[in-house]
Amino acid sequence: MYLSRFLSLHALWVTVSSVMQHYPSVWGHYDVCKTQIYTEEGKVWDYMACQPEARDMIKYVKVTLDPPDITCGDPPETFCAMGNPYMCNNECDASTQELAHPPELMFDLEGRHPSTFWQSTTWKDYPKPLHVNITLSWNKTIELTDNIVITFESGRPDQMILEKSLDYGRTWQPYQYYATDCLDAFHMDPKSVRDLSQHTVLEIICTEEYSTGYMTNSKIIHFEIKDRFAFFAGPRLHNMASLYGQLDTTKKLRDFFTITDLRIRLLRPATGEIYVDEQHLARYFYAISDIRVYGRCKCNLHATGCKEENKRLLCECEHNTTGPDCGKCKKNYQGRPWSPGSYLPIPKGTANICIPSISSIGNPPKFDRIWPNISSLEVSKPNQANVCDNELLHCQNGGTCINNVRCQCPPAYTGILCEKLRCERDPGGCSHSSGQGPAALGPGLLLLPGLLMAWELCGC
């Protein structure tokens, strides 16, 4: 009987050990900014690089069209059916909800029938070009994590450019060119992302892959983020450590996937032929039913949360940082220059927390995990302000912070942050019989009660 119980307990231990071995890989997602650990000095904070979870960024976008009056329906006009370009009895009327196609219909929930979509005016002014700029703005720095997907309700355009901005729309750079004939439209040889490599991943290409003219079953245009990630992380993105390492050490690569704004430049609608049928110009227009942009707030690896406040996204900064992107140190925490967190070393990275200014430090504690590199500040005779708080200067061993000026320690402890055993002052030092000493449980002992509970539940 005892042997069977021992074997059952051993099996549970093996299972828990297996889970613990895989736990660091979860941290490779950088979804924790700090955690408490046990050391010889007691319970302290261990800081690590962290970032917000990726999300659908279209929920927070502001859209602008240029020219402003390019949306159909004012005045009302007729256009040709999507499936039959010679059936030209459909109507767009901005004053009637059922017939209107405003810009916000590019971002509503899809899946309804019929599909909702934004639509431009028709090419009635041909041969004057039908140019439309659709600008998506977030007023926040965004790191892209998945493909940009644009779904057209009309045929995909013969010519289009996707552009990005890193400075809130002041300057623009091309992301990718799209055309039925790249050489004719943009004087570029056609390529696809599959023609790229690790060394050419930042190349701006023109692709003919998504510009097949007026075909109702070919509506989607991609800008391939994941395919570019795959050059570093592998085809199924299993080796994210390699990608994070490249992003950490190569600023141009990191900036390539970072935006504040996107601009879709529609330069020529789908014609489906070599020439434009001037007798049926109502066939030619742009219509977009859906745009998808997935990413995360850029917080410089100093936050796991990003909130919307006054219609603006803001990082919920940790590591004693502040600002929309956690791009500077908080007041009284400028003991060294601000620095972004680092993905390296894998899997926890480096937090690069902001540390207290010299003028606000009491006697500095000895815990490098709480106060990294504090010894390099050469603090001498500082004042006693901000001796403790509930974030960085944490009272140890059950101590309580009183008005940020002192720690009220349990009877067995002393020191600025209750970090020392009181018995260390005695001539005989601390002994096991004194009953004083930190009860620092090892990981195995911490898990043992849970194992015993699981043992009882399983009826072993």
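Cβ from N, Cα, C; glycine included.
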Per TrEMBL, the disulfide partner of CYS418, chosen from CYS409, CYS430: CYS409
Around the Cβ of CYS418 (disulfide bond), the count of other Cβ atoms that are within 10 Å: 24
Model confidence over the domain 'Laminin N-terminal' (46-296), averaged pLDDT: 91
Surrounding CB atoms that lie within 10 Å of the CB of CYS409 (disulfide bond), all protein chains: 21
